[in-house]
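> Can you keep this structure in mind? I'll have questions shortly.
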Amino acid sequence: MQTLHVDLGERGYPIYIGAGLLARGDLVAAHIIGRQVAIVTNETVAPLYLAALERSLAGHSITTVVLPDGESYKTWETLQLVFDGLLGARHDRSTTVIALGGGVIGDMAGFAASCYQRGVNFIQVPTTLLSQVDSSVGGKTGINHPLGKNMVGAFYQPQAVLIDTNTLATLPARELSAGLAEVIKYGLICDEPFLTWLEAHMSALRALDKEALTTAIAHSCAAKARVVAADERESGVRATLNLGHTFGHAIETHQGYGVWLHGEAVAAGTVMALDMSERLGWITRAERERGVRLFIAAGLPVVPPENMTPEDFIEHMAVDKKVLDGKLRLVLLRGLGEATVAGDFPREILNATLSADYAAQLAQLKN
Ligand code: NAD
Ligand code: GLY
């Protein structure tokens with residue numbers, strides 16, 4: 001097992017990474033304060049991993065809340081089911097909410113923990129690659145609004161993150177690829193040598209090679225922990241973790257939540273950010289193509305949805321959380337491994353990126 005630490009003073013916490021950790025009741029129990037525990041999970045993950053987690057929590061009084069599965073359920077209505085479960089079983093302020101599932105469950109359970117009786121103990125047990133490398137770390141919690149992705153939520157750090165890498169064995173290949181989008185992101189924003197490692201190990205990662213996956217997860221969590229420790233509430237460097245997300249969130253909202261997976265939208269969105277960085281003269285064509293090739297190798301889309309016009313993008317991007325005083329800001333690259341948050345770009349460059357022919361770019365790449 002590897003243990004990393006998110007360095008946030010009294011709100012700091014460990015990230016445990018290893019195979020079979022669901023059975024390590026001692027690790028979870030160390031972060032539970034009272035007897036009561038509420039496990040929030042969904043109808044897909046519950047039959048796979050709920051029993052193992054419950055066994056680890058023997059001796060506690062456990063309430064289980066099983067939510068419907070899917071991004072389209074990351075809503076107020078579903079959140080209410082968590083509060084129904086907590087109040088129905090008379091959970092008090094000493095309770096611990098445990099999120100068992102992917103990023104949707106983690107974001108919703110964390111948001112519920114942040115507001116139940118004004119805040120209770122919270123533990124993340126992420127079971128998708130995406131949640132293990134990104135969403136379970138850093139304390140962003142929340143739900144979607146029909147007009148914008150993740151628009152309602154809270155910063156609320158967990159007491160611990162428990163990553164059992166064995167859970168990836170049951171993850172559908174499409175979901176694994178979606179997680180790889182966020183892994184590639186870390187290389188692009190702050191760690192060029194990691195891109196070289198990913199190029200060499202992408203096949204192993206997609207074949208669920210345990211050593212490669214553990215390395216990628218630990219490397220990603222360490223990068224995220226560093227950024228979060230430097231800027232917990234996103235007043236600066238943390239925004240760079242959103243490379244490709246402004247374009248990507250527009251895709252998710254426009255297509256309908258769950259139609260494009262979050263990681264898929266981030267991949268196509270990052271291809272757009274690479275395109276814009278090249279148009280600004282900040283990266284070379286070869287660097288853009290290197291990034292695009294990695295997304296292709298990971299099995300991810302590199303062409304935005306055909307049915308989205310530049311106007312569609314502009315409309316949805318105006319609701320992004322990086323918009324300040326009505327001004328759009330984008331995470332772009334000044335080089336591979338060097339992200340920046342840019343607000344002062346010529347509008348015609350953004351328009352060119354929004355109307356670029358990505359299918360043609362892909363065809364050129366293949367030649
Ligand atoms: P998800 O939670 O929808 O999980 C993907 C699918 O895999 C679901 O059907 C789920 O039930 C299933 N699943 C989960 N674990 C499984 C397992 N071990 N075996 C088989 N199936 C399993 O999606 P996700 O990609 O994990 O997370 C995406 C969400 O995370 C989005 O809502 C996104 O906005 C959010 N997110 C949040 C942050 C953050 O910092 N809070 C960061 C990135 C993404
Ligand atoms: N996924 C972006 C962040 O946690 O800041």
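Using the three backbone atoms N, Cα and C, a Cβ is placed for every residue, glycine included.
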> Out of H245, H254, which does TrEMBL tie to the same Zn(2+) site as E182, H262?
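Zn(2+) site check in TrEMBL: besides E182, H262, the record includes H245 out of H245, H254.
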> Whose Cβ, among the binding-site residues G103, G106, has more other Cβ atoms within 10 Å than any of the rest?
G106
> At the Cα level, what's the spacing in Å between D69 (NAD(+) binding site) and H262 (Zn(2+) binding site), rounded?
14
> Can you tell me how many other Cβ atoms are located within 10 Å of the Cβ belonging to T167 (NAD(+) binding site)?
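A count of 26.
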> Where the criterion is a Cβ under 6 Å from an atom of ligand 1, which of the binding-site residues D69, S72, G103 meet it?
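Checking each Cβ against ligand 1, the ones under 6 Å are D69, G103.
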